[in-house]
Amino acid sequence: MNAPALLIAGTHSGCGKTTVTLGLMAALKRRGLTVRPFKCGPDFIDPSLHRMVCGTLSYNLDCRMCGEDFVRTSFGRHNPPGDHGIAVVEGVMGLFDGGTGSAAHLAKTLGLPVLLVVDVRSAAESVAAVVKGFATLDPELSLSGVICNRVASARHEALIRGAMAQTGVPIVGFLPREERIAIPSRHLGLNMGEEEPLGPAALERLAALVEEHLDMTGILALAERAAVQPAAPPGAGLLRPCRGQAEPGLDNDARDCGPVRLGVARDAAFCFYYEDNLELLRRAGAELLFFSPLADAELPAGLGGLYLGGGYPELFAERLSGNTALRAAVLDFSRRGAPVYGECGGFMYLCETLQDLDGLTWPMAGVFPFACVMNPRLRSLGYREPEQCRATFFGPAGMRLFGHEFHYSSLSSPPQGGAWQDGGYTRDKTLAGYIHLHWGRTPEAAAALVQACRAFVRQN
């Protein structure tokens, strides 16, 4: 049997999909259910909001970036049947946007019932035409119900309900306009969950609205209809357990995977990590030690390598710059030949300087001789498949990696001194760039990084 599951999609970005998803998660949790959150696509912010509500990790499911086999494996591992739980998957953009990375493709891959959020503000009977189009565009997709969001009045609801009778798609609820519930946002999107953008009172109000206006019994019944999909090959997208570890259905790896310490920057400035990436590092034998470039004066002891993820270094440039001891420690660690990997915000921190949107320039770690500048407009967005033009700790030249890029900053001058790669820059054993990699298609890259950390420890 499958565990109950459903996908919350939208007609377009900004229709209220995230707010409805959070309210449904909170309402399900109030009923005593274990809610297992997931996010379709490469986004980091929505999973943090899921964690805020559900109190558990949220995993990204992206068929384009990670591959269908890994998506099935990750979903199955983190949504086991039989323990009174339900998986709630938040879609991305509009239901059909993104091709193989779309919510529609994910729903078909995992056999998920789809609830469509429709912003009905400034429309009435025409809502039925919109829903009819979504319901009939792809006959292979199961559009199981509609949530009408931002309903103005009882008369507004009645007009929509009457027209919707022609579509054959059930309505599971009408949510009223509620201006008091809004998630603050900034240049990269909504605020992170760790910032508690919805306070306890607002979150309680949102859960109560969902309980009052949505057919919770009907929604739970729809979730039970999640189809049984063919399982991915055993261990697809996973590393084989190290020698001495056991996992049903997987043979042990012959290599000795003794633990090695990998420092991971994690605080308000560095908060963008794919949870499956961290799990892959652990399976390869890494002991992840989290530290704060904002607050810590030194790196954790005994490290074999560093991983600096993305986030918002531009919002904390003065504090990051002011922590001279930690900046010096990172530079020294890199110069000693330790494996250091930086993604987007981590790359910005590894540059010589960072200029913020106020035009102020702040010294950073100085691993790379670049000046990084924040821009008022988006500089790059989209999926990336970089090919290594030279060997790195991830693997040999020619190895293809997979990830996503989204940033407002840029380098103020072309890189000089070192080897520029399409997706990153290397110096000593440090590799950094703007792409956020996901190792679902290339778990061997995670294992190779951990192995490089072991080699550094042995040599030092």
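Quick reminder: no glycine exception, Cβ is built from N, Cα and C everywhere.
Annotated features, as they stand in TrEMBL:
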type: ACT_SITE; residues: Cys344; note: active site, nucleophile
type: DOMAIN; residues: 7-187; note: domain 'CobQ/CobB/MinD/ParA nucleotide binding'
type: DOMAIN; residues: 262-441; note: domain 'CobB/CobQ-like glutamine amidotransferase'
type: SITE; residues: His436; note: site 'Increases nucleophilicity of active site Cys'
If you measure between the CA atoms of His436 (site 'Increases nucleophilicity of active site Cys') and Cys344 (active site, nucleophile) and round to the nearest Å, you get 7
Comparing local Cβ density (other Cβ atoms within 10 Å) for the recorded positions Cys344, His436 points to Cys344
What DSSP gives for His436 (site 'Increases nucleophilicity of active site Cys'), in three states, is strand
